[in-house]
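Everything on this sheet refers to the single structure shown next.
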Amino acid sequence: MEFTIKTGTPEKLKTGSVVVGVFADGQLGDAAAALDKASKGKFAAILGRGDLEDKAGSLLAIHDLPGSACERVLAVSLGKRDEFGDKAWRDALVAIGKALASGAASDVAVCLTDTPVPGRDIDWVLQQLVRAIADGAYRFDATKSKDKGKDSKRRGAGKVVLLTREITASMEAAIQRGQAIAEGMALAKDLGNLPGNFCTPSYLADTAVALGKQYKLKVEVLDRDDMEKLGMGSLLSVARGSHQPPRFIVMHYKGGKSKDKPVVLVGKGITFDSGGISLKPGAEMDEMKFDMCGAASVLGTFKAIARMALPINVVGLIPTTENMPGGGATKPGDVVTSMSGQTIEILNTDAEGRLILCDALTYAERFKPACVVDIATLTGACVVALGKIPSGLLANDDALARELLDCGTVSGDRAWQLPLWDEYQELLKSNFADMGNIGGRFAGTITAACFLARFTKAYKWAHLDIAGTAWVSGDAKGATGRPVPLLAEFLIARSQGAPG
């Protein structure tokens, strides 16, 4: 999708569609008012019929509006004026993105920057706008045969003009950021949506290597022998039941000064999670291909920051394997030794994400990081606690947690913090090892993070549990690309002088 920015008036644009915003009380912004004037009041009269619902994101297509050079005007409701803010704006953008993706117009002009969003500047507005439209155009068909029928003829907008009052360098940079983040989300979605027989640990490694070649990133891929030499007994215990060889991916983005400490991102890469010997129920087990969405988000974020050329150093660590039953698989009751030297009693083989992450978190120490953020579809308990709106956030540093929460608000990819109190550590006690890998039926998200916290004593660390936000089920089943927007916003802020 190609985005350009220009000044001008909407009624003179010869394009397939012109998008304008209106409020529930009929109040028109500058662009909508210009269309109304050119149509001699016809535009307002059509809106006055009540066909456009008041709810933010409602749409009304008006064809052949008098006085306008475009084929159709797409009016989007911004909701009630006194309730207008981030949520209403995003609701409108999501609706526009979907409409443009499925519409017949190949070229579109979007005239929405004339409506200020309270507390937000024009750069934020443009970045969000571009990201939403580009993300709305996403479709996954890598595992389908060639498109047939009418849907193949409706490929949506390929060219989008953003109409503004002025053009500045910062506005153009905001557009580029929006595109970069959308591309990172698309990569994360592609990887998440691929089935487990396509997206194996080796496939993730090959994707990282290809990304490295494209953007001149240093990428290392460690195999089973390398991991054994490092003493990654916890990670390797998960891989024992699978015929797919495990991989440990190390990525380096060096956009900052050589002396700058890196931010380390760690992504859980279970490319299919059967539960192992502690086998999951069969219902919806197909969705366990999404258990590598933490890894996908790291790869997507690396693509985004490389496209933006952020002045920051970032290391990406991706431990990746399948979790399968088999004659050689780890059994409940087995005790393994992690890279840190701490021993773990594996009480449930379906609590495997923490077992691969803990060795990656130990490996992260060698980079003397400014901070470490791990991303994982870790616990069903997080979905029970928070639903599918925010990601769960736990951290051993309150300032780091606040950064991530704030960046979640700015990006719209929100998180919610849960406690990481010492009292919960008692639930991980084991009679046969330094710790068990589960803490019982209560506070599952917290005890999982408490387990990881035992491997993060050397640095500031935060954990994002994306079990509820990495994908959606039902008719719209598929990966969401989250939390790439949150991570990208966090790294943008860090590159501009935030703590660290």
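Cβ coordinates are placed from backbone N, Cα and C, and glycine is handled just like the others.
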Same-site Mn(2+) 2 binder from ASP286, ASP291, ASP334, given that Swiss-Prot records LYS268, ASP273, GLU352: ASP291
Least surrounded among the binding-site residues, given as ASP291, ASP350, when other CB atoms within 10 Å are counted: ASP350
Those recorded positions listed as LYS268, LYS280, ARG354, and which of them has the most Cβ atoms within 10 Å of its own Cβ: LYS268
Any further residue of that chain within 8 Å (Cβ to the Cβ centroid of ASP273, ASP350, GLU352) of the recorded Mn(2+) 1 site: VAL238, ILE270, SER274, GLY275, GLY276, SER278, LYS280, ASP291, ASN323, THR349, ALA351, GLY353
Chain-mates of LYS268, ASP273, ASP291, GLU352 with C-beta within 8 Å of site centroid, Mn(2+) 2: GLY269, ILE270, MET288, MET292, ASN323, GLY353, ILE356, ALA376, THR377
Residues that sit under 8 angstroms from ASP273 (Mn(2+) 2 binding site) by C-beta distance, when 6+ apart in the chain: LYS280, MET288, ASP291, GLU322, ASN323, ASP350, GLU352, GLY353
Neighbour tally for GLU352 (Mn(2+) 2 binding site), based on other Cβ positions within 10 Å of its Cβ: 29
